[in-house]
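As structure tokens, the structure follows; a few thoughts come after it.
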């Protein structure tokens, strides 16, 4: 069972331990099972005897490696004697010397070096023993390797040298730095050395590429140059390879890509670079690992995971989409430093952590032990935090002239003191001295540090505002801005006495900076406050000078991101903790605050558990315990302890860990109570209280015996020999106290490291370049009655800081002025600080050097320090340090056995007594005590003593700043090395080693071998602090203490004056007034003010830097500056003035950039708009070209249809001319019988609308064959596709209003000439299989008509009020058992957008008889779905009629289905298939056996359309909201040309053969109409109610102006459908017509889909005609916006324009008050006809010639704006125009007779015969006539009209000549027109034509008109 290491690390500790235990048990179990099986397989013969021991022999190489690891030195020597090879390699490729460096075996390492082992041997990762020794911090090995000649410049695979792995502050790092300094190598030259390898490879790659080498060339392992560069981190090489086309995703033989290698070896910059160049993060290597799986750090892993997500999104989108934000990536790549090679301190491996946790008996509940709790952002619950619950107060004093003391006119000590005292009395505690800030501690809380005040001091430049007084926030703001201006660290240095307010000032500065520049202000600010509180509890004490006195040096570093300019983290470094205060406190002073808080804050139960029942009895706290502590103080300490617990929880300590900390603190107190006694005469110490010792050992979790032995004896190991030495009582007490101090010091270091880990922002990438703002807070100068070694260290620290301030402010300026030749007005004496510091810190003759020498002595009975100190005082040349007591002869008299001296500090004279200084200086535990504490089972204690100390005495952090997963250094844990060392570890004496190797200058300067002492730690701490300060720019804050009693409002003049004098405030004022505090070099000046210089100087590259600086200062008009040899000398106010000028320039630059960016953005927008306009133009051009092709096809079909008509007429006239007059009644009966029976579908409930289709309704598309006459009549309005199922029924009755031909004889006679030229296409027989093609063309007898038969195309009748329930077909008693019913729903019973469509076709029962006239209805097909062309379909002209066959629907399609009632077997197919209503997009694909025929007829061939026969029905109308789920049904009326009809004026350019098509109204979307049922076209055509209709509402008009309403407006059905995209251009033969079957039939609840037909009219003039409402057959209601679907999604079938027959009119027969407003124009002679058969019967039964004279195309030949017939009706009654009745023809087709406003009172007729417009009757109940005549009058008008038409047709003698003339005129008309394409592009609406006034000449082209109808090339009679 194997588990990934990352998985174990992610689990909680408790769960992880349980999992590990279970794994361990399973492994043991599996091991025993395997052994049992193995024993069974071996058999009983091979089993060993029970008592016999087996011997296992290992090789010498394995044995010597194990001996080196476990420090078995004798065994190693024995193995080497036996022949073991000292050059043996380990598994990683390293030598035995690598193992010695790993496990700190110095003795064997020396032996191996003597045997000739290579000290520079490199393993597989190029690590040398020096690398490992530095990573594990083994300084003995480091020194040994250096002395053996190891090369410290060798680089590993990552390009790191050994120094890069040495943790800063460790002894190994100090040794290497000293060695490099000895060799003269500084850090800059070291960087050049590290860059030699990448520069060498860069040169080689350039040469290789210039010589024509392949950039992707691979070696034997498939590795390319890009692989090598990415693994090594050579950014320049990678960029070069990428520029030359390096393969980003190239793989080697193991399928590793360059991204894999860059991620594995932690090359963060290269990972970003590869991802920016579109490297694929999803590629896997041979192990199936992606780059994110092997990433070396969490930041790289997070980056790769984001890249993987972006790559997946890129794959989903277009290929051009980038995988990452390129701008962001390259922004990250700019100004990024190389990956820091400094590795963090190493951590315990997870196995070691689990091992220690299992041993830890303190943590019973390990599931909570080390689990970090969520950080709580609340402040510490203590009264020390001011104004927590109080409202925020703001108190800002107005500015005063004394805000800057440097501007005072009178300058002396008294004037300075007076100004400071005056300001202090006004609570103005802040004052400026130039750039130096002066702070006076008020000893009270002032409301000047609130958040509102901090907002007031925010500045864009960091300059002091003249309207605000001096403030601490202003100083912090200036430091923050200079951080980014100078791009170097800034240091804020606070100095002053104890109690002067340094710590509080530093806290306010950090609070301001974090709130101003923190990215997550609340979280970080809260953590920082809690961290400060923890440092205060463990690092501060209560003294007589200050209640919260700092006992250490704090250096806070706030890390700011240079690019984002916000704080990313913080870090605290502590120095010189007064750990001696734990065991002994000066008189009147207390111990650390934490012990006081524990005493007052712990409960009784907690004290009992910690054995602290009598807290005051402990020796460590009883010395400084104050007896006058009030009850309020105890309560306050309890609150402070609770706040401390909360703060520890915030930074990551759990409750159990906090309790463990308190156990350690309690153990420290109990350690101080251990007493020793002497039981023998040798004065050997023994523990007197064994019970207390056992109690302490239990708290420390160590062995009692081992602890007692470690306290009383000293055990040392030397080459296998054990040396034991007993301690005396004095020595035992010393080591006891030293253990307590060391334990507290290490615990404090552990807390500091935890705080630093918490304050590090883990979300920020560690490769981001940061700048630091340092805040230095040192313990203040102090003087007591008795000053000892601790006070000396404190005051020397202040002396050093004061000397640094004086050196920076005075000495450096004086020196630079002299060097640069600049005169300085005042000079400052350096004082005697240099002499004081030299006396103590000079080497090797300084006092601290003497003290360290004395501390090296193990134990001396007679101290030698007083004698040595006397010699030092006598030899010293300084007067700053001298002997305190001298007799009359001048001899020094010492007090007792101690040593004393007096020091003249900068702050005054202080005498120190050095008694016991040697013991206090010692700071190193014995090896025996150290080993006992390392073996503690307490995790924290074991960790504290296994960690090493830095040279400054701080605990080296074990928390990594960033992790490198899988990196080799994580395997080299120094703590595991220490823990594996046994008790027999041999410690080689350094002196012998040095004697053996010899002395050298390096060893003398190294000064190694000294024990860790307080003096050495102080020296190195001050050196470290000074080095940090020198790296940045200083900002000084001088803190003044007003009195020694800590009383608010008290100002002690003498005390304050003394502080002003030794701080040198007067000298600082004079310096800033006359000196030059700002002294940048020429290059730094030009770099800092580069924008200003570039604008002021322009192109001055040839000038010297000095001259350029001079010009800049002159043009800025500054005064008082000077130019030196290499530097510019400026006053402190010059910086603010230059910053103001730079800010003004920056604002102007920003304004210019804003304007330019706006201009570019507008240009980009215009470019995008231009591109979009081009796309729109291209689409329009495509649509126009498609429309032109459709028009060409349309014109060709017109000619072909005319030829077919002529041919067919010639044949029929010869066959049935005589029988036509004799047997019309018998033939009608015969035809009804042939099509009757079960094959006829008779509808008694659905008034089938008749659609008058003309030749203009032909398909717009190319045709392979000329369609026949019947195919012409079956053209679809909406799509223009010829449908084979939309053929007209045989011999329908004609309406005289149909203006094409009066009879087939007339058409045949007119088109006889075209028959000869048509070719084969015209001579083919007509492809009809029914009796229509074979019957004699004798008009059938007129069938009996029922007055209830309303088979009309008028919308008013279709959408009229519903019939009574007794006449509805859905009533069961009136329906035949074998009939098909169509059930319509009421429009008001369903929602407008989702009407119910239970569509049935009921057959009549009672009203049906054999004599009822059948109506033939054709099903509109959907052959061409989705606009595709069916090239392999049968010829569209070869159409054969076939009866309709119905099938039952079945579920499965989301669209609406047609449901049928039970019908007779002949009506249905055996296979029941779902009737799917095709949507416009054709989502539901047809079955493969249905070909082009829609689903209702799956077994019909494409050329055999179905034919429906409907019997008469008494129903007047159907509900307006229903639509049939069947494909639209159409009743075809054959067009009739009559000469006695008055035609309206033809629109310009319309076709002579398509008058009705030209009047087709286009809808809102300018789409063609569907000739199907109006009920299928949506619910917008509603019938008027029985009562007068309400005023019409606004009709939906999404695309164009709607026609004039002719009735109540349609109910809105939702928003109009979105227009569909452009259809593909037709290529090839036209597809089978889909017409209104799919595109315009809105019966299915399908989603909004665009239609498959063309979304544009066949001619642009039709748009004009439709919008202008010039046609006579326009609908009287608004066009429907959408069809009415069934409940479900709102059907949004794009509506198609409707044919002239589908017009909605009000049902005028219901009530006399129901009228529609007049339409602009309407044919006056239109009259009601019952059915197409009635029309034919009335036409052919007359027996006369149908064409009387050559006037068949009279309307077409009329010019625009004129009428052929000038005869007006004699009826001038006003009622005729007001009522504006609508008539019906004999087919029940309503034709509006309403006239325009100019002709409202005139009804035209031809030849002077007035035609009365009668109305149809409704069940004999009510009639409405315009003239007020009765039914008989209406009948006479109708009969007389028919008689006139037939009579005029019979008078025609030469019909063929007339029609031939018509065709010739049309051909010439189109050939003569050239710019017909341009005319299509201007479909503006036109005004209605004027009333007729003149009859034009026959076949004369109108003046000024242009035929935009047909191209000339299509007018060919041969087609």
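Cβ atoms here come from the backbone N, Cα and C positions, even for glycine.
Taken from Swiss-Prot, the feature repeat 'ANK 1' applies to 59-88, supported by sequence analysis.
Annotation comment: Swiss-Prot describes 92-121 as repeat 'ANK 2'.
Annotation comment: Swiss-Prot describes 125-154 as repeat 'ANK 3'. In the repeat 'ANK 3' (125-154), helix, strand and coil residues by DSSP number 16 helix, 0 strand, 14 coil.
Taken from Swiss-Prot, the feature repeat 'ANK 4' covers 158-189.
Taken from Swiss-Prot, the feature repeat 'ANK 5' applies to 191-217. Through the fold, the repeat 'ANK 5' (191-217) approaches residues 153, 155, 159-161, 185, 224-226, 228-229, 232-234, 236-237, 240-241, 244-247, 250 of its own chain, all at least 6 residues removed from its boundaries and within a Cβ separation under 8 Å.
Beyond the repeat 'ANK 6' (221-250), the same-chain residues lying 6 or more positions past its ends with a Cβ under 8 Å from any Cβ of the stretch are 157-159, 197-198, 201-202, 205-206, 208-209, 215, 256-259, 261-262, 264-265, 267, 269-270, 273-274, 277-280, 283, 338-339. Under the heading repeat 'ANK 6', Swiss-Prot lists 221-250.
The feature repeat 'ANK 7' is assigned by Swiss-Prot to 254-283.
Per Swiss-Prot, repeat 'ANK 8' is recorded for 287-316, and the stated evidence type is sequence analysis. For the repeat 'ANK 8' (287-316), the mean pLDDT of the prediction comes to 88.
What Swiss-Prot records for 371-398 (among others) is region 'Disordered'.
Summarising the annotation, Swiss-Prot assigns domain 'Myosin motor' to 400-1143.
Its Cβ taken as reference, residue 499 (ATP binding site) is surrounded by 26 other Cβ atoms within 10 Å in the chains shown. Per Swiss-Prot, the feature ATP binding site maps to 496, 497, 498, 499, 500, 501, 502, 503; the stated evidence is sequence analysis.
The annotation region 'Involved in CYFIP1- and NCKAP1-binding' is assigned in Swiss-Prot to 1109-1365.
Packing against the domain 'IQ' (1145-1174) from elsewhere in the chain are residues 1091-1092, 1095: each is 6 or more residues past its ends and has a CB under 8 Å from a CB in it. Here Swiss-Prot flags 1145-1174 as domain 'IQ'.
The feature compositional bias 'Basic and acidic residues' is assigned by Swiss-Prot to 1218-1237.
What Swiss-Prot records for 1218-1245 (among others) is region 'Disordered'.
Annotation source Swiss-Prot lists region 'Disordered' at 1259-1299 (among others).
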Remaining residues near the recorded ATP site, that is with C-beta within 8 Å of the centroid of the site residues 496, 497, 498, 499, 500, 501, 502, 503: 441, 546, 780, 1039, 1041
With DSSP as the reference, give the number of residues of the repeat 'ANK 6' (221-250) in helix, strand and coil. 17 helix, 0 strand, 13 coil
Let me check the 10 A CB neighbour count of residue 496 (ATP binding site). How many other CB atoms are there? 24
Helix, strand or coil: which one is residue 497 (ATP binding site) in, per DSSP? strand
How do the residues of the repeat 'ANK 2' (92-121) split into helix, strand and coil according to DSSP? 17 helix, 1 strand, 12 coil
Counts of helix, strand and coil residues, the repeat 'ANK 8' (287-316), according to DSSP: 23 helix, 0 strand, 7 coil
Are there residues of the same chain, six or more positions away from residue 502 (ATP binding site), whose CB falls under 8 angstroms from its CB, and which are they? 494, 495, 496, 550, 777, 778, 780, 1037, 1039
Non-local Cβ contacts of residue 497 (ATP binding site) (under 8 Å, 6 or more apart, same chain)? 545, 780, 781, 782, 907, 1039, 1041, 1059
Sequence-ordered list of residues in the chain of residue 498 (ATP binding site) that lie 6 or more positions away and have a Cβ within less than 8 Å of its Cβ, or none, is 543, 545, 546, 549, 550, 779, 780, 781, 782, 1041
Cβ neighbours of residue 501 (ATP binding site) where a neighbour is any other Cβ within 10 Å: 24
Let me check the 10 A CB neighbour count of residue 503 (ATP binding site). How many other CB atoms are there? 25
Neighbour count (Cβ, 10 Å) for residue 500 (ATP binding site): 24
